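**Student:** OK, TrEMBL features for this one:
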TRANSMEM  A:21-39  transmembrane segment
TRANSMEM  A:45-63  transmembrane segment
TRANSMEM  A:95-115  transmembrane segment
TRANSMEM  A:122-143  transmembrane segment
TRANSMEM  A:171-191  transmembrane segment
TRANSMEM  A:219-238  transmembrane segment
TRANSMEM  A:258-282  transmembrane segment
TRANSMEM  A:294-311  transmembrane segment
TRANSMEM  A:331-350  transmembrane segment
Amino acid sequence: MRFLFKTDYEDDIKLFPHSGYVVSYGTLLAFLLIAPFVLSSYLVSQLVFVCIYATVGVGLMILTGFTGQASLGHAAFLAIGAYTAAYLQQFNVPFPVYFLAGGLLTGVVGALVGFPALRLTGIYLVIATISFGFIVEEVLARWESVTHGNEGMRVKTLSLFGQAVPQNGPAFYYLCLAVLILTIVGALNLLRSPTGRAFVAIRDSETAARSMGVNVSLYKVKSFAISAAITGLAGVLFAHKLSFISPEMFTLQLSIEFIIVILIGGAFSLHGAVLGAIFLVMIDPFLTYLKDDLPGIIAGIAATFGADSIAAGKIHDNVAAIASANGLKGAIYGVIIVLFVLFEPLGLYGRWLKIKLFFQLFPLYKRATFKRQKIYVKSERNR
Amino acid sequence: MLDFVQQLVSGIALGCVYGLIALGFVLIYKATEVVNFAQGDLMMLGGFFAFTFIGMLGLNYWLGFAGAVIAMALFGMLAERVVVRPILGYPQFSIIMATIGLGYFLRSVVGMIWGTDDFKIETPFSDGVLRIGSLVLAYDKLSVIAATIILCALLYLFFNRTTLGTAMRASSENMLAAYYMGIPVKRVVSIVWAIAAAVATAAGVLLAPITFIHSNVGLVLGLKAFPAAVLGGFGSIPGAVVGGVLIGVIESMAGFYLPQGWKDVAPYIVLLVVLLLKPEGLFGVHMRKKV
């Protein structure tokens, strides 16, 4: 195993602690850059969604993972970004301007949400953010002079410096990738600055943070604003990717999906946001695959174990019926959430860390290293 | 004036349904400090069980009602055992996510089994109306109100007068201490889930004649029950019902007197105002923070 020898604080906060990081992230970046040339256009389109969801995931991770403030209203922030883009686009505002305006406006709204949220913790905060989401959804549906109500808004093709960037082309993919990478680097820098340290201190114990001189209210509002602004930027890209937006896209369902992103990816790390986004977006192609190929595979297995052709055909039809049933996606979501909460609370990134540690410490790895403590008193109230 | 009273009664009837769902939240919250986001979906599932017993198997209404309540009580215990018990004691957020997952699962499985149509349950009091002067009150709405009052009174007595109720309150305060005092905490939690699921079923069956039963009804109404529970204070049984009634009345008044669109938003605006001004709710107890 590798031992890092740190001599000063600069070593401790380096973005790339050792050369291994440069190699692995360089390889990943190289793969992502050539992806549009080797992958099918469908998969590239999914990758764009991965980038957008991961950007939102990073925003949500700053708020929920690092500041400890749960939010089930992030679809509303995404909606504000998307609608700002669609609205400003009508007046021929150039992309860089409305891109930043979308982020800025959403950030301001996020700060406004952050103020009432100061007094709320735990479940109350979750409920308040859900209500915020509903109210925004309803405002979008009713404020017809700006949002065109339930008819929705068409978003024109993005044009950057006079060049059209169609939402299915590789250029749009590179744009989303660049936004994601810049967001991640920005978030990493934020997290190693005093602000980021204050966020983590608030998450771990508000009282302790306050007694160490952290202005809890200020940093909570900051965290809300930053998280919302990042989500707003993603919203602009989201609007362009879909090229049509309407209020019913930004429901509680979407907010829950964002929470699933950071839950599955693993709270407390930016890697988690990206892994979770990959997982969530790639469920769709996987389900399509399941619908097409799974019945044949299962019937084949049954046939090898001695089922005759009629029985195998029946199995094929039954499996096909289940795999193509409506609402299967919801059931799979549900099962996945429950399984992750029960068995993999640290998410995919946590699993990766466990595997890494297992090999580093082999044969001395202890399961208890990652065990969480159970608290049976009113823990959340006393924190 | 007549319109006002008419709106008031239908608001109260709707509010009672919110109150019954909120009652489920409060029961589980009181006993385990867990917020069950799948409470509305338990109600929906209960409604479908009752529909199966009454509408499809042709049982007597009361027999089917009782059957659904018992089946759902068992289901509540099962859900507690499988999903909730392993994560008791972990941060609230994990449990919220687990129950959200459970809700997703129930909605989509119900959609697969029963389909996504609207269903209606025939009740003995579906059609009749009570006339007082020129005021017309439908029996199905009155039945919801009556049942809510009875259930609320029973549960209030249960929690405050019986040993089991006291045990539940004790385990909510501090599970570990309750366990040391000889309270079978696991069984208590399991019984609480059974009661909550049974109450949810009662709500679902009573609701069926008013708004039909479909696989998303739990999500829609469950989310409206949150403002009710918060308004009443998250740990108070009478508070849940009072909060539910208030939300129901506010919603139906907003639908009648305010422009279109306010009806759906009004409960949430009330919720945000309550959270800002009095986060512990009308009947809640203010918790002091200990360091």
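Each residue's number is its place along the chain shown, starting with 1.
Positions of Cβ are set from backbone N, Cα and C atoms, glycine also.
Unlike curated records, TrEMBL annotations are generated automatically.
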**Student:** Suppose I define contact as three or more CB-CB distances under 8 A, residues 6 or more apart in sequence; do the transmembrane segment (A:331-350) and the transmembrane segment (A:122-143) meet it?
**Tutor:** no
**Student:** Which one of these stretches, A:45-63, A:95-115, A:122-143, A:294-311, has the most C-beta pairs shorter than 8 Å to the transmembrane segment (A:258-282)?
**Tutor:** A:45-63
**Student:** Between A:21-39, A:95-115, A:122-143, A:171-191, A:294-311, who has the most Cβ pairs under 8 Å to the transmembrane segment (A:45-63)?
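**Tutor:** The stretch I would name here is A:171-191.
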**Student:** What residues in the same chain, six or more past the boundaries of the transmembrane segment (A:21-39), come closer than 8 Å to it by Cβ-Cβ distance?
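**Tutor:** Same-chain contacts beyond the flanks: 47, 170, 173-174, 177, 181.
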**Student:** Could you tell me whether the transmembrane segment (A:171-191) and the transmembrane segment (A:219-238) have 3+ CB pairs under 8 A, leaving out pairs under 6 positions apart?
**Tutor:** yes
